[in-house]
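**Student:** Below is a structure I'd like to ask you about.
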Amino acid sequence: MTSKGPEEEHPSVTLFRQYLRIRTVQPKPDYGAAVAFFEETARQLGLGCQKVEVAPGYVVTVLTWPGTNPTLSSILLNSHTDVVPVFKEHWSHDPFEAFKDSEGYIYARGAQDMKCVSIQYLEAVRRLKVEGHRFPRTIHMTFVPDEEVGGHQGMELFVQRPEFHALRAGFALDEGIANPTDAFTVFYSERSPWWVRVTSTGRPGHASRFMEDTAAEKLHKVVNSILAFREKEWQRLQSNPHLKEGSVTSVNLTKLEGGVAYNVIPATMSASFDFRVAPDVDFKAFEEQLQSWCQAAGEGVTLEFAQKWMHPQVTPTDDSNPWWAAFSRVCKDMNLTLEPEIMPAATDNRYIRAVGVPALGFSPMNRTPVLLHDHDERLHEAVFLRGVDIYTRLLPALASVPALPSDS
């Protein structure tokens with residue numbers, strides 16, 4: 001694949017690169033510039049534009065293309081505006097220049113995660129409007145802040161507000177991930193993030209002595225139990241070629257804390273873990289297992305949750321789901337191979353599904369290495385434009401799904 005020269009660049013690519021240059025990078029994203037960008041785009045496309053401040057400085061921008069039948073539920077196209085930090089010294093090009101090389105690869109933070117999808121939504125709508133189309137169902141595009149740090153000042157708040165309920169969303173699309181093969185990954189559920197801190201208390205003393213009942217000994221037992229569970233899940237994944245990473249529960253030890261000096265046995269030590277719990281796990285039983293590992297380690301060992309998502313939802317991927325039927329039929333007609341999976345990490349889709357809206361995670365990037373959050377994140381312009389083509393076919397099908405019992 002080779003690149004067109006600047007004078008021949010596709011206008012959709014130009015808009016994509018313009019958006020990539022907006023520095024919505026954590027921890028201090030320029031959300032104001034992103035909101036202004038979408039306001040201007042809405043004006044150009046003749047779309048309704050609503051700004052909802054869900055927390056001070058955190059604005060959800062909603063662009064609306066009204067359908068012909070307001071009694072039907074709407075299609076929600078969601079994307080987040082923030083991107084993760086960069087280490088510029090490890091990049092071949094400025095991560096906020098949106099540099100395009102001679103082969104057509106666009107280097108930028110957010111190229112895959114997920115500014116490409118935001119512009120693909122907009123450009124598909126632009127194309128359909130220019131062609132004179134209208135569809136029964138209203139299409140809303142939501143551009144939300146804060147996803148990369150948990151969405152707690154973004155979609156988590158937005159779904160609780162009357163402005164969200166007024167959208168009457170019947171089905172949603174949000175981000176997926178690149179796929180290095182010919183296939184396209186589509187996520188129908190997500191693992192639940194549990195951030196767990198285990199604290200162990202014990203006898204302090206001089207570090208030259210063999211003390212009993214120390215905090216470190218008891219914490220060591222819990223760490224061993226959790227890492228043994230990790231190995232068991234890893235082996236289960238490795239031994240079954242039909243399982244994907246999202247189908248098992250992962251855990252990583254991410255932080256160890258304790259101690260004040262080399263020669264002092266600490267009275268308190270702690271270990272922090274990031275669990276991603278598969279949706280088919282019995283959450284109550286799993287929490288009891290964690291508690292039992294702490295109890296088995298001895299007295300004075302406790303756990304607390306920094307994050308604990310308890311609402312796993314699965315969007316059906318069979319013909320019992322009319323949204324999936326419409327989505328998959330278009331992909332079949334376009335000769336796109338789909339690989340339905342459980343999202344290993346967490347996205348804003350978990351908040352959308354939790355309020356009863358079926359949702360899929362889909363970023364149309366096949367034959368593309370997975371580079372989200374990585375150095376030299378990039379996307380080929382041809383892959384990006386193919387994504388616009390795909391949404392241009394998907395949106396009419398989704399927005400034309402016949403009336404459903406849930407619409408009332």
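We count from 1, first residue shown onward.
Glycine is treated like the rest: Cβ placed from N, Cα and C.
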**Student:** Besides HIS80, GLU175, which of ASP30, ASP113, ASP213, ASP274 does Swiss-Prot list for that Zn(2+) 1 site?
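**Tutor:** Zn(2+) 1 site check in Swiss-Prot: besides HIS80, GLU175, the record includes ASP113 out of ASP30, ASP113, ASP213, ASP274.
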**Student:** Of the residues HIS373, HIS375, HIS380, only one is listed by Swiss-Prot in the Zn(2+) 2 site with ASP113, GLU148. Which is it?
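**Tutor:** Answer per Swiss-Prot: HIS373.
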**Student:** Across all the protein chains here, work out how many other Cβ atoms are within 10 Å of the Cβ of ASP113 (Zn(2+) 1 binding site).
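**Tutor:** A 10 Å sphere around the Cβ of ASP113 (Zn(2+) 1 binding site) contains 27 other Cβ atoms.
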**Student:** List, in sequence order, those recorded positions among HIS80, ASP82, ASP113, HIS373 whose Cα sits within 10 Å of the Cα of GLU147 (active site, proton acceptor).
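**Tutor:** Within 10 Å Cα-Cα: HIS80, ASP82.
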**Student:** Among the binding-site residues HIS80, HIS373, which residue has the largest number of other Cβ atoms within 10 Å of its own Cβ?
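**Tutor:** That would be HIS80, with the highest Cβ count within 10 Å.
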**Student:** Measuring Cα to Cα, how far is HIS80 (Zn(2+) 1 binding site) from HIS373 (Zn(2+) 2 binding site) in Å?
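**Tutor:** Given the Cα positions, HIS80 (Zn(2+) 1 binding site) is 14 Å from HIS373 (Zn(2+) 2 binding site).
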**Student:** Run through ASP113, GLU148, GLU175, HIS373 for me and report the binding-site residues whose CA is within 10 Å of the CA of ASP82 (active site), in sequence order.
**Tutor:** ASP113, GLU148
**Student:** About how far apart, in whole Å, are the alpha carbons (Cα) of HIS373 (Zn(2+) 2 binding site) and ASP113 (Zn(2+) 1 binding site)?
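**Tutor:** It is 8 Å, counting Cα to Cα.
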